[in-house]
Amino acid sequence: MGEVQREKVAVIIGPTAVGKTKLSIDLAKALNGEIISGDSMQIYRTMDIGTAKVTKEEMDGIPHYMVDIKNPEESFSVAEFQERVRKHIREITERGKLPIIVGGTGLYIQSVLFDYQFTDDAGDVIYREHMEKLALERGVEYVHKKLQEVDPESAERIHANNVRRVIRALEIFHTTGEKMSDQLEKQENELLYDVSLIGLTMDREMLYDRINLRVDIMMDQGLLEEVEGLYNRGIRDCQSIQAIGYKEIYDYFEDRVSLEEAVSQLKTNSRRYAKRQLTWFRNKMDVTWFDVTDGEKTSEILRYIEGKLQLKSNNSK
């Protein structure tokens, strides 16, 4: 028997503001593709401006998935993302289309492409109940701080209010002596799909200028009013509000900083996030990078994907 043919998937990653959205839509048109968002915050409804969510006009008729699927009050896990995206990949492939994942949330994308297993084994029930009791008596932040001490990478990924996931990560460390984040990394070796993994990069100063400009444009587009709407709905201490662009403006509404300080902090946090994204992708994934400092490289990238996945684009003769 021959080897089972793996589904073909194109993936576009890179830091915020580098130009992933436009490229992905151009590629989808050329390659008969449909787009799956690989951004952990674009899943939230009514959080459009601060997440730089793709607009209906930008979509230009290309179907997009994993956008606007949760309310801001709801939590969302890597495991749920993995399950949903793999289902979309199957369905898009069955329709004879090419799944194109685009985004900057590295661990989420990695969990889909590689043979990650998210288990809820029995673990240590006594320890779990003890931590649940601590969360009730001392608060969720106390338990989250304990996770920060032993597994900072998981603590950054899991919001304090997602108590079940926080305690699960602590339980894994308690019972195995290993961090949850390390356990996930050990599972990275096997790709489940025939993948073309493209990364966009550019000169750092140019990228930072683009990020600063994007924040100014977001403010002009109504980011303040968007965040005020969430604030007035009483949305507090949710996973969604930890997103860059929201937590900074929340500080303004809670009189911790001036609006000018909030916007300045938003720019700083966005630049730092872009730097972390690039570092993460370079350390964790085998990416073919395209430098777009001097302009877009759509044709070059299209040819690369055609060759890697043995496809013919609508532009090919």
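Glycine is no exception: its Cβ is also placed from the backbone N, Cα and C atoms.
Database features (Swiss-Prot):
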type: BINDING; residues: Gly14, Pro15, Thr16, Ala17, Val18, Gly19, Lys20, Thr21; note: ATP binding site
type: BINDING; residues: Thr16, Ala17, Val18, Gly19, Lys20, Thr21; note: substrate binding site
type: REGION; residues: 39-42; note: region 'Interaction with substrate tRNA'
type: SITE; residues: Thr105; note: site 'Interaction with substrate tRNA'
type: SITE; residues: Arg128; note: site 'Interaction with substrate tRNA'
Measure from the CA atom of Thr105 (site 'Interaction with substrate tRNA') to the CA atom of Pro15 (ATP binding site) and give the result in Å, rounded to a whole number.
9
Tertiary contacts of the region 'Interaction with substrate tRNA' (39-42), defined by C-beta under 8 angstroms and 6+ residue spacing from its ends, are 51, 53-54, 66-68, 76, 81, 103-105, 108, 240, 243
Minimum Cβ neighbour count within 10 Å among the binding-site residues Gly14, Pro15, Gly19: which residue?
Gly19
Using the recorded substrate site (Thr16, Ala17, Val18, Gly19, Lys20, Thr21) as reference, state which further residues of the same chain have their Cβ within 8 Å of the centre of those residues' Cβ atoms, listed in sequence order.
Gly14, Pro15, Ala52, Gly104, Leu200
Distance check, please: Cα of Lys20 (ATP binding site) against Cα of Thr105 (site 'Interaction with substrate tRNA'), rounded to an integer number of angstrom.
13
Determine, from DSSP, whether Pro15 (ATP binding site) sits in helix, strand or coil.
coil
Integer Å value for the Cα distance linking Gly14 (ATP binding site) with Thr105 (site 'Interaction with substrate tRNA') is 9
Can you list the residues of the same chain, besides Gly14, Pro15, Thr16, Ala17, Val18, Gly19, Lys20, Thr21, whose Cβ falls within 8 Å of the ATP site's Cβ centroid?
Gly104, Leu200
State the mean pLDDT for the region 'Interaction with substrate tRNA' (39-42).
94
When the region 'Interaction with substrate tRNA' (39-42) is classified with DSSP, how many of its residues are helical, how many are strand and how many are coil?
0 helix, 0 strand, 4 coil
Mind giving me a neighbour count for Ala17 (ATP binding site)? Other Cβ atoms within 10 Å of its Cβ, every protein chain shown.
23
Compare the Cα of Thr105 (site 'Interaction with substrate tRNA') against each of the binding-site residues Thr16, Ala17, Val18, Gly19, Thr21 and report the nearest.
Thr16
